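K.L.:
Take a look at the following structure, please.
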Amino acid sequence: MAASAMPGESNPRVVLSARGLRRDFGAFTAVKNVDLDVHHARVHALIGPNGAGKTTVFNLLTKFLQPTHGTITLLGTDITRTPPDKVARMGLVRSFQISAVFPHLTVLDNVRVALQRPNNLAVQFWRPMSALDRLNDRADELIAAVGLTRERNALAADLSYGRKRVLEIATTLALDPKVLLLDEPMAGMGQEDVGVVSDIIRTVALDRAVLMVEHNLSVVANICHHVTVLQRGEILAEGDYAEVSQDPRVRTAYMGTEEA
Amino acid sequence: DASDGKIKIGILNDQSGVYADFGGKSSYEAAKMAVEDFGGKVLDVPVEVVTADHQNKPDIASNIARQWYDTEQVDAIMELTTSSVALAVQAISKEKKKIDIVTGAATTELTGKQCSPYGFHWAYDTHSLAVGTGGALVKQGGDSWFFLTADYAFGYSLEENTANFVKENGGTVVGSVRHPLASTDFSSFLLQAQSSGAKVIGLANAGLDTSNAIKQASEFGIVQGGQRLAALLFTLAEVHGLGLEAAQGLTLTEGFYWNRDDESRAFAKRFFERTGKMPNMIHTGTYSAVLQYLKAVQKAGTDETEAVSKALHEMPVDDVFGRGGTVAANGRMIHDMYLLQVKKPADSKEPWDYFDVLDTIPGKDAYLDPAKSGCDLVK
Amino acid sequence: MTTIFGIPLAALFGQLLIGLINGSFYALLSLGLAVIFGLLRVINFAHGAQYMLGAFVAYLLLQYIGIGYWPALIVAPLIVGAFGALVERFLLSRLYNLDPLYGLLFTFGMALAIEGTFRYFYGASGQPYAPPALLTGGTNLGFMFLPNYRGWVVVVSLIVCIGTWLLIEKTKIGSYLRAATENSTLVQSFGINVPMLLTLTYGLGAALAAFAGVLAAPIYQVSPLMGSNIIIVVFAVVVVGGMGSIMGAIITGYVLGVAEGLTKVFYPEASNIVVFVIMAIVLLLRPAGLFGRDG
Amino acid sequence: MTHAAQPSPVAEPVRNTKNAATVQIAFLLAGTLLLVLAPLFFYPIFLMKILCFALFACAFNLLLGYTGLLSFGHATFFGGAAYFTAHAVKEWGLPVELGILVGVAGAAALGLIMGFFAIRRQGIYFAMITLALSQMFFFFCLQAGFTHGEDGIQSVPRGDLLGFIDLNSSTNMYYFVLAVFVIGMVVIWRFINSPFGMILKSIRENEQRAISLGYSVARYKLGAFVMSAALAGLAGAMKALVFQFATLTDVAWQMSGEVILMTLLGGIGTLIGPIFGAGLVVTLQNYLATSDFPVTIITGVVFMVCVLVFRRGIIGEFYASRLGRRLGFQHRR
Amino acid sequence: MKPFLEIADLHAWYGESHVLHGVNMTVGEGEMVTILGRNGVGKTTTLRTIIGILRERRGRIVLGGKDMMDVPLHRTAHHGIGFVPEERGIFSTLTVEENLMLPPVVASGGMSLDEIFELFPNLHERRSSPGTKLSGGEQQMLAMARILRTGVRVLLLDEPTEGLAPVIVQRIGEVLKKLKERGMTVLLVEQNFRFASKIADRFYLMDHGQIVGTFPVSELPDQMGMLNKVLGV
Ligand SMILES: Nc1ncnc2c1ncn2[C@@H]1O[C@H](COP(=O)(O)OP(=O)(O)OP(=O)(O)O)[C@@H](O)[C@H]1O
Ligand SMILES: Nc1ncnc2c1ncn2[C@@H]1O[C@H](COP(=O)(O)OP(=O)(O)OP(=O)(O)O)[C@@H](O)[C@H]1O
Ligand SMILES: [Mg+2]
Ligand SMILES: [Mg+2]
């Protein structure tokens, strides 16, 4: 497989791409004819009205759902028929719209679970738990990066909603994914965390591709390089935020009169 | 004389499971009756009866058996319903040099390959049931058979034994169907049996399976249609549960029938007063086994196993159960069996008056020749 | 004579009919199980015991108060249903916010205790119960002799199955119940008395089992063991149908009854595992069961 | 960052790990000593039976307590291994060590097959599927020739261990069983406190998330299932040797129910709880056998009471009690 | 304005953890009040406690003069109070329409089905699909719509704009204003400050399970500095 692109490369590489993506649920078509290119070192936003098919596109890309038509390519490999765990191991990791942590594990363990796999510490049933201690430095780094150091030993269940989302991001980052798919990372988050997470995403994207669904338009305006607008399962507009937000179709379908 | 100042007999059987009606707690009463009838003492020491419920689990049974022998000075264990339990306990008794007398289990293995010099098989076995029902019924005109067989070793051996006697006596077997253990519905099998046109439908199964098959046979009008039902392992207790309405006309073999003669009636009456039911061959068999054991201790003048066992092998049996019985070298008690037929409700004169005795099968015909049993104690 | 695989066609019809009759029991029992599971998320291990209770209550009613089959068909399910409702109200309801496995374990214990009690007092070999005079005898259908009572069983169980299905899938009460399974507190916050509904549901499930029990009493020996013999097969039926799907449970009940009936002719040794074999195959192809929603 | 200055709503849990470790080691030593000396006071067969069931329950708990999968078919592995070992030792004349190995391997193979079907579903569905499959195995054992139907495989020779330790002596046999039991427990302990155990736990917590982190959830579950089956098989193989027979009782579904009762009674998800549960159930059964109480009723009622008021089990309740917490134990779940 | 919902010294617990430490607040009839606060301070818990889902509670809750502390959960709705939970609570085994029709009508004056479908056309389009097959935002609409049908007079809303497209957020804002005109009392928990500031009459500020301040919308400009510090808006 090709070596990962150097940061600062002038023409960013396409790392994840979809062609002619379609998904039917019975007679209802949730996604149709979607072409999408996600680039290295860029934050790419997927926006659109509720029910436009954003989450469905995510599910298709990560293979939690099988597309009815179309192909998906990750880092040059066709993954249209690959199971989801395999896709994750290839470097495409997602977060969920409804928060997903391991509630009865501590914050540290949440992150370590993610670190175990790339470090080949997952199947070893004959080694003591202390074998995991060598992951602690990296885990603490990640925990610090998202500002959860104080809660390091708390159970994830005891965290507030916003903190859980932050933890989820730390866990996702632990896999050192090449492509990160974030489904409404800011939803339900207090303003103070929105800033933090925006910063994290920006930093992360320096040497990764990020695709995110977000309804918080100020976030989209601030951190996304590229925006795709979806409506009724089809691409309505594409471009940078400034272009897209001026598009009258987008304004009626999605943004309303509200100013970002 | 008695080694520990006491003779202790253990009645180990199923008291809460499928075979609880077969023997159960009532057998414990039967054993106590035997002790009382003997006078409560032997060799001037008191006789005690203990009992336990093995829950049909061989491991519980063997645990109890070992504990009884090792720590509670039990001298002999009796009844032992269910073959797996009987075989397991007989092996332990052999190892510990103690006496066991099986009245509850049917397998001929007990006096065959797995026989023991101290093990006895008292009331009945699969062979005697087969001879009784299979052989005798052919003579009564039931010369073509169809078997409904429970699909496991016990069922096969009942069917095979019976079929042999049917053929030996000039009958034919026109077919058979194997049904899974614990089938609730037999109508499909009964229909197959019905259309076979056989004169006798042999039920080579046990317990609830047999009851359900009989009940459904009456529903489908099989007996009314002129066919005969023969249950290969069925006793008074189960007939009582089924009721005469459903069971009428059924043929079966037992080693005892309470309404046989005055002696048996007298015994049964006493038993009924204590337990609320009439005895079947298991209850009476256990009574007889205890009584004979005490007689043997008396005769040997000690409770030492070898001596008692020798006496048991030598002494003729003569009580309400085993009249004219003898004990063979493989431990098989050989006595007469009875071919019985369930009465019509109208013909039953009193409660528990259920059977007509069709035939008496002499012990020597009923039981397997010890020389052919495969037991290496028989020379 | 026309034959199929060596079996006369007429006999085959007979076997099909018998399969259908057995299927009626499976359908009735799995229906009650599916109702309880679908709405309370409780695997009712005591279902077999409640079926047995139905038959026993009918027997006891006849024995001690002289109440015969027809009234018993109503009275026994009412008694058992009321008993079920009490159990739900005071015991089972404490387990709802826990892992559903606790419901299964609780009812398992209850099944043991009920069965043990009856075995203790009535022994294992069972009690007689005669079919009602009106339905004794049978009809010669040409290809087989159909006992009238069996015909009645097929008809009445079909009616009850469909009635229950309509009640649950097509009425408002049904949608309350289905919603309450998912999030009982929220439904309560809408102003619906969910605890009461659940109590009634469990009562209904138990009553359905008891109804099947009364129907069975004249056919099968009324024995404490009759429930545990049939219940595991019924579980398999419900798994094949797709747990929680009520129509699925009914249809699968009949279909597997017939499948089992045919196996009894062609390969009788396998007749009591055929249901499990079908289950394994169905699970391989359709993990949620034939009619299951995923879950 | 601004939020760092804010007080966190979550207090750091107080843990006195050092104290806890000392206490636990003390308990462990005391327990081991007790087991070593036990045959002086108790009937060895009875003790061996408890050890076999304790290992069985712990193996079962490995699955239920640590992956959240309730199997209602574990009798298959326990009883199946008993048959395999009994057959191997009696009919093929294999030495005990190999006989046990045959039993364990057989149980693992059965586990692989049953797991393959059952793993696809969770919770109650899983329980029902395992129940149904084990019922199939029961009928297989009932009909297969080598099991001898109702009679069972009887008079299984114990032979010599390593060729020179005579296992017919119940003392030798006891220490052999004890050694196997301890090895089994160590394996279980290591298994759950390993990186693999950590993944199992996370799968139990949130399966979707574990998949999205790249774990093939089904394989991990299957791994745990086979492990549990193999250990249950080890217990069954030992039981066959202790009692010298293998019968249908051990493959019947009631046995699967019994092991659940033991685990529940002792404490689901506690390492040593099932040992106590097994001890209690076996003792109870033995006691009830000679009493007037009907066994099934008592068992059923114990089950109900346990689920209703005593859910954490003996050991779980102890851990959660004030004394237990003061001694530094923790109860999860 | 006379107080319609009065809460005094309200405490609540999740098991052993004490989450509300004496909440005091009043909401007048027809008033729209918003609770602001950082993540995890107890906003959701306050709503859950008022409606009675969380029953480990102590204090006083009076609704329209009636003491609600002893009213069982399934009776509260009949006193005219409705709740839209944060997690939406859409039922997967019910279709959209069944979800919508589920809560019994407790008083007249609720919206008709037509009105609702007009307001949320997505719902009309997907009316016969299972509830949880809707997108996140559609589910949020459904959760709101469902309560609007019942005719309750007090509405507790937990973050109703979470995950909604800006157009929909706007529409919900309009709906809420319309409801207010009809005399609906609303207690709103909201992270989207911009949205809340446009529709609320009054604000409560919450921290650590207590109310730490309140001010009417007219004082908003003066309070911005403080809010900025506490909430980072
Ligand atoms: N499994 C499914 N079965 C049937 N319909 C589905 C399924 N999943 C999604 N849909 C439908 O597909 C459409 C797109 O849903 P999706 O969740 O992708 O929307 P979304 O763009 O993420 O919206 P939101 O911003 O509200 O989260 C919706 O109308 C939804 O009802
Ligand atoms: N079910 C629960 N069990 C235990 N603690 C809980 C539970 N739900 C919430 N908590 C805790 O109670 C506190 C208050 O939570 P609550 O959900 O009310 O916060 P919130 O203000 O609504 O936060 P957010 O803005 O994130 O929704 C938090 O510390 C949270 O961790
Ligand atoms: Mg979405
Ligand atoms: Mg909240």
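Each position is counted from 1, following the chain as shown.
Cβ coordinates come from backbone N, Cα and C, glycine included.
What you see is a predicted model, and the numbers here were worked out from it, not measured in a lab.
Pasting the relevant annotations from TrEMBL:
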- C:12-39: transmembrane segment (TRANSMEM)
- C:73-92: transmembrane segment (TRANSMEM)
- C:101-122: transmembrane segment (TRANSMEM)
- C:149-168: transmembrane segment (TRANSMEM)
- C:197-220: transmembrane segment (TRANSMEM)
- C:232-258: transmembrane segment (TRANSMEM)
- C:270-289: transmembrane segment (TRANSMEM)
K.L.:
How about the transmembrane segment (C:232-258) and the transmembrane segment (C:270-289): do they have 3 or more C-beta pairs under 8 A, pairs 6 or more apart in sequence?
P.N.:
yes
K.L.:
Taking contact to mean 3 or more CB pairs closer than 8 A (sequence separation of 6 or more), are the transmembrane segment (C:73-92) and the transmembrane segment (C:270-289) in contact?
P.N.:
no
K.L.:
Are there residues at least six beyond either end of the transmembrane segment (C:12-39) with Cβ under 8 Å to its Cβ atoms? List them, or say none.
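P.N.:
Those are 4, 47, 50-51, 141, 143-144, 146, 150, 153-154, 157-158, 160-161, 164-165, 168, 177-178, 180-181, 198, 201-202, 204-209, 211-212, 215-216, 230-231, 233-235, 237-238, 241, 243-246, 248-262, 264-265, in sequence order.
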K.L.:
Would you mind listing the long-range same-chain contacts of the transmembrane segment (C:149-168), meaning Cβ under 8 Å and 6+ residues beyond its ends?
P.N.:
18, 20-21, 24-25, 27-28, 31, 35, 38-39, 131-132, 135-136, 139, 174, 177-178, 204, 208, 211-212, 215, 218-219, 246-247, 250, 253
K.L.:
Other than its close neighbours in sequence, what residues sit by the transmembrane segment (C:270-289), given a CB gap under 8 Å and a spacing of at least six beyond its ends?
P.N.:
233, 236-237, 239-243, 245, 248, 256, 259-260, 263-264, 295
